[in-house]
Every structure is written in C-alpha cells, then in structure tokens.
Amino acid sequence: MKTDDLIEALAADLPASGARQVERRLLLALVAGGLLVLLGVGLWLGFREDLGSAMMGPTFWIKAAYTGTLGVIGFWLLDRLGRPGSAIRAPLVALALILVAAAGFTAWEFLTMAEAERMPAVMGESARECAPLILILSLIAAPFVFGAARGFAPMRPGAAGAAAGLLTAGLATTLYGLHCPEQTASFVMVWYSLGIGLAAAAGAVIGRVLFRW
C-alpha cells in the first residue's frame with residue numbers, strides 16, 4: 001500500500017468527533033500562542049503610544065480585518081487539507097479574493113496620492129523591520145499551532161504547513177498592529193503581506209518535516 005493510500009485509509013476511519021477535537025485543540029493553541037505573541041509585543045516592541053486614539057478610527061480596524069481574515073483563511077485551508085478528500089477550492093478562492101481586493105484598494109490609494117507622497121507611503125518609518133518582526137512573532141506562536149495541527153492527517157504536508165504558517169502569521173500580524181503605527185494601505189499591502197508570505201513559506205518547509213507520515 002502506498003503512503004498516500006494509507007493516510008487516506010486512516011483518515012477515513014477518523015470519526016467526526018476526532019476531527020472536532022483536533023479543531024478545538026488548534027483553537028486552544030491559537031489562544032496560547034496569541035497570548036505569548038501579545039506578551040512579546042507589549043514587553044519587547046511596546047504598544048504604539050496613540051493606541052487608544054488609533055482604535056477609535058477606521059484604519060486600525062481595516063488593517064486588523066485584512067490580517068485577521070488571512071488568518072481565518074489559513075485555518076479554513078488547514079482544516080480542509082487535514083481531511084483527505086476535502087475540497088480546498090473555496091478557501092483558495094477566498095484567499096485570492098482578499099488579496100485582489102487589498103491590491104485594488106492599494107492601487108487606488110497609490111494613484112490618488114500626490115507623486116511626492118507615494119514613496120513615503122510605501123516605505124513608512126519601519127519598512128526595514130516590519131516583515132522580519134512579523135516573521136519572528138509568527139515563529140513565537142508557531143510551536144503551539146503546528147503542534148496542535150499534527151492531529152490532522154494532511155496528505156500534502158508542505159501545503160498544510162503553508163496553511164498553518166498563514167494562520168500563525170495572520171494571528172501574529174494582527175497583534176503586531178498594536179505596535180505598528182503605519183497607516184497607509186500601500187505599506188500594509190507590501191510589508192505586512194511580505195512578512196505573512198515569509199511565514200507561510202517557512203511553514204511549508206516546517207510542514208514537510210513535521211507533518212510527514
């Protein structure tokens with residue numbers, strides 16, 4: 001029997017209650033990982049000085065909605081990949097739609113700016129540190145998420161690892177927003193997305209090893 005056939009046979013014998021238990025463990029892992037990332041943001045990076053007023057405006061929540069949605073899609077995709085035979089088209093379409101919508105909004109913002117404002121909008125004040133910090137914060141939460149995700153039965157370990165990385169990065173980046181004062185869609189689309197992409201790529205590498213049967 002081939003390895004893929006064995007995985008599929010074992011997954012077919014897994015009751016629905018077993019899959020739900022894995023999901024619950026994953027949610028608990030997200031809470032634990034999120035608390036650790038929040039602690040890291042607060043004690044290491046520090047919360048932005050204008051956090052209270054920033055939370056009263058729309059930009060803070062738009063950023064959080066973008067990164068949080070990517071995390072939710074990562075969870076959705078990981079759940080599907082962890083169930084052999086489940087279709088992954090819907091979460092992939094959702095991922096494509098959110099990226100296209102974000103890119104479209106960014107293009108509109110960029111083109112309506114004065115030319116002299118465009119590069120500062122893209123680079124902000126923290127372009128060099130943004131993506132590396134997102135990757136580091138994602139790695140802080142990764143042991144919790146990847147440990148819980150091992151309870152699934154992914155037939156494509158690399159893809160499942162990328163999904164777990166996307167989930168972890170979505171969580172970490174949303175909490176990173178409590179520190180980062182950058183406000184423009186151009187900055188978020190370039191540097192936040194880069195950090196999340198790096199975390200997903202790292203997750204794919206980790207998944208090939210950790211989720212291997």
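A Cβ is built for glycine as well, from the same backbone N, Cα and C atoms used for every other residue.
Just so you know, TrEMBL annotations are computer predictions that nobody has curated.
Over in TrEMBL, the protein carries these features:
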type: TRANSMEM; residues: 26-47; note: transmembrane segment
type: TRANSMEM; residues: 59-78; note: transmembrane segment
type: TRANSMEM; residues: 90-111; note: transmembrane segment
type: TRANSMEM; residues: 131-152; note: transmembrane segment
type: TRANSMEM; residues: 159-178; note: transmembrane segment
type: TRANSMEM; residues: 190-211; note: transmembrane segment
Distant-in-sequence neighbours of the transmembrane segment (131-152), which means Cβ under 8 A and at least six residues beyond its ends: 19, 21-22, 25-26, 28-30, 32-34, 36-37, 40-41, 45, 78-79, 81-83, 160-161, 164-165, 167-169, 171-173, 175-176, 191-192, 194-196, 198-199, 202-203, 206-207, 210-211
Chain residues in Cβ proximity to the transmembrane segment (159-178) (below 8 Å; excluding those fewer than six residues from its ends, i.e. six or more beyond): 30, 33-34, 37-38, 41-42, 45, 47-48, 51, 60, 63-64, 67-75, 77-78, 81-82, 133-135, 137-138, 140-142, 145-146, 149, 152, 192, 195-196, 199-208, 210-211
Remote residues contacting the transmembrane segment (90-111) - C-beta distance under 8 A, at least 6 residues beyond either end: 66, 69-70, 73, 76-77, 80, 118, 121-122, 184-186, 188-189, 193
